[in-house]
Amino acid sequence: MDKKNDKNKTLSRRRFLTGTAQAACATGLLGLGLTYIAEKSKVHAAQALRPPGALPEDDFLAACLRCGLCVRDCPWDTLKLAKPEDPIAIGTPYFNAREIPCEMCEDIPCAKACPSGALDHHLDDINEARMGLAVLIDRQNCLSLQGLRCEVCYRVCPLIDEAITLKRTHNERTGAHTSFEPVVNPDVCIGCGKCEKACVLEEAAIKVMPRDLAMGELGHHYRLGWEEAEKAGKPLIPDLLDLPDRLPEGTKL
Amino acid sequence: MSKQKRNPGQEASETLGWWHAHRFMILRRLSQITVLALFLLTPWLGANWLGIHLIDGNLSSSRILDTVPMTDPLLALQTLAALHPLRLTAAAGALLVAGLYWLIGGRTFCSWVCPINPVTDLAGVLRRKLDIRTSHRLPRTARYWLLGLVLVLPLVTGVLAWEIVNPVSQVYRGLLFGMGSGWMLIVAIFLFDLLVSQRGWCGHLCPLGAFYSLIGKASPVKVNASRREQCDDCMDCYAVCPEPQILPIALKPAKGGGPVLNPSVLNKRDCTRCGRCIDVCAKQVFDFQMNIKFSRQAPDTSRATKRSLAK
């Protein structure tokens, strides 16, 4: 490039074409590599949770500037920006519920701080946030399910008796007692992570996971009869079918 | 260049004094440190000193005194390419930063703020001191190809792909929010510049630098070879300039040879306004020029022209 005249007079067509082709190929190869890395960055570990009001992950990765203003405005040091080795897209904000859960600030300063809209500015009620969903993932080691009076996850839940309730079941082991099983209501749980943080086991039996991982999804063509009936105000099928009674000849009902 | 200069600026240091021969480099380091220190001190000051937040965030996006937003304009363009409608805060911040760097010279960012600059500068100095001459020659236009790639990738992948590897934002984020293994990237760029390609990263590859080149193309702040008739071809400026390809335009005499009267401005877009050429030139050929076209000031009334005309 040094010999390139400022008026390009000495640059032959052949040199221009080969140079351009080389640059285009190199850029293309680099682009392939970066695309591969970009696709990989869309997958993240289940224990990494997004701040309240985060867009769905694909949109979030298009929007997040990785500036850390949400991290700076979080009063509880809950949020972190991902380092290169962390199990989530580099530079993006996340928290690990087992380390520091979300304290559910009423004014949601993290979402308000976001300059790009990756965190929804219009989220007014922290109870509407859906950071994740608590799942009682290990039913074998959960103390409550073994019939012991633990229920710590239930007690610490900020939405006690709404997000986590206790279900009484018969204790099969003793045959004489009741087990108090923590049950999470997915319609209410916001995924703050207090339950996972408080679980007394070495490794938590109840864990908060990203909702797309924790929840199933009904086929979009499915219609639940009882819901449709409620919507319509009447059963969708007119009446029970009354099939003709076939009886042996000569008999009467 | 057949011969590398080991100690460019020595003559300037002897004739004009040490400070004169290093002032812009020192000022640049001060500027780099000050910006970083403001970011670093803000969380502490916010907690301990009247709750004032000087500047929160990082180079990708920040907030001055809890009100004024700043956003990396190239990053803002990438979010648009990823089809995300940016909130007004970040969009206004991007316009603000783009306007600011247009005003003060585009690649002024590279040499006065960017955290990679001290790293590649150090590699450049070591290359000179250790007399490492092997250099893989990359085309200077590679960065524009890369810039195009950076803007196309979000459209293809739907994510801000460049941000996964971008060393500029990553190093700053690392310094402010925890480096982790990010230091390896710094070492990689240092070694690349030292052993593989001279001024390889900042001078040939960095797409952010290319972006600021384009922004600063028509910037009023320029380095000017206003006294080029005094040039004695010592080549010190060539040895220190991170973009030496821009220098011949400034220094080449007009047809017929001999000193010329018209001052020549280094208006090639790649100039990073680092002022190192001003530092090392013993003949004081260069100076900064603010070229805002007010009606009372014609563009060719610089000191040098006046002096030359007076002779």
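Quick reminder: no glycine exception, Cβ is built from N, Cα and C everywhere.
Positions annotated as domain '4Fe-4S ferredoxin-type' by TrEMBL: B:219-252, B:262-291. The transmembrane segment feature in TrEMBL is assigned to B:33-55, B:75-103, B:144-165, B:171-192.
If you take every residue in the domain '4Fe-4S ferredoxin-type' (B:262-291) and average the pLDDT, you get 78.
Looking at B:75-103, B:144-165, B:171-192, the range that has the most CB pairs within less than 8 A of the transmembrane segment (B:33-55) turns out to be B:171-192. Nonlocal intrachain contacts for the transmembrane segment (B:171-192), taken as residues 6+ away from its ends with a CB within less than 8 angstroms of a stretch CB, comprise 36, 39-40, 58-60, 115-116, 119-120, 122-123, 200-201.
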